[in-house]
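Contents: one structure, followed by commentary.
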Amino acid sequence: MSPSPFKGQTGLKRILNATGYSLAGFLAAFRGEAAFRQLVLLNVVLIPVAFLLDVSRGERALMIAVCLLALIVELLNSAIEATVDRVSLERHPLSKNAKDMGSAAQFVALTVITVTWATILLG
């Protein structure tokens with residue numbers, strides 16, 4: 001296997017390349033993953049609401065952080081699904097487990113949003 005042409009880059013060029021890859025990842029997720037688009041919409045609604053609520057700065061930061069956490073988990077879940085599908089589209093118990101575990105992680109992240117927001121708003 002030949003070495004990656006991107007290894008060894010440093011400084012501004014590395015940062016610019018990494019930013020480009022990140023933006024490409026966001027775009028791929030937004031275009032190809034309905035769940036990611038739904039979470040973006042949820043964040044577009046909840047984050048401004050967090051600024052409108054009469055809560056402490058710490059509570060507001062926590063409310064926003066858990067919303068962003070769900071986006072992070074969905075990006076990782078989508079990456080797992082893409083990798084599994086790239087390896088083989090054949091049904092296999094390990095492939096199912098990998099995809100189900102990614103889905104479970106997203107379920108936990110959404111539960112964290114619900115519990116956090118409910119605790120702050122009802123607390």
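Every residue gets a Cβ built from N, Cα and C, even glycine.
Because the structure is a prediction, the values reported are computed rather than measured.
Look at Swiss-Prot and you will find 15-32 (among others) tagged as transmembrane segment.
Applying an 8 A CB threshold to same-chain residues 6+ apart, the list for Glu81 (divalent metal cation binding site) reads Lys99, Gly102. Marked as divalent metal cation binding site by Swiss-Prot on the basis of similarity to another entry: Glu33, Glu81.
Residues or ranges marked as transmembrane segment in Swiss-Prot (evidence: sequence analysis): 35-55 (among others).
According to Swiss-Prot, the feature transmembrane segment maps to 61-81 (among others).
Summarising the environment of Glu74 (active site, proton acceptor), the number of other Cβ atoms within 10 Å of its Cβ, over all protein chains shown, is 23. Summarising the annotation, Swiss-Prot assigns active site, proton acceptor to Glu74 and lists similarity to another entry as the type of evidence.
What Swiss-Prot lists as transmembrane segment is 102-122 (among others). Long-range Cβ contacts of the transmembrane segment (102-122) within its own chain (Cβ-Cβ under 8 Å, at least 6 residues beyond either end) map to 35, 46, 53, 55, 59, 62-63, 66-67, 69-70, 72-74, 76-77, 80-81.
Just so you know, the Cβ of Glu33 (divalent metal cation binding site) picks up 18 other Cβ atoms within 10 Å once every protein chain is counted. Counting only the Cα atoms, the space from Glu33 (divalent metal cation binding site) to Glu74 (active site, proton acceptor) is about 9 angstrom. Long-range neighbours of the transmembrane segment (61-81) within the same chain, counting only residues 6 or more positions beyond its ends whose Cβ lies under 8 Å from a Cβ of the stretch, are 25-26, 29, 32-33, 35-36, 39-40, 42-43, 46-47, 50, 53, 55, 98-99, 101-103, 105-106, 108-110, 112-113, 116-117, 120.
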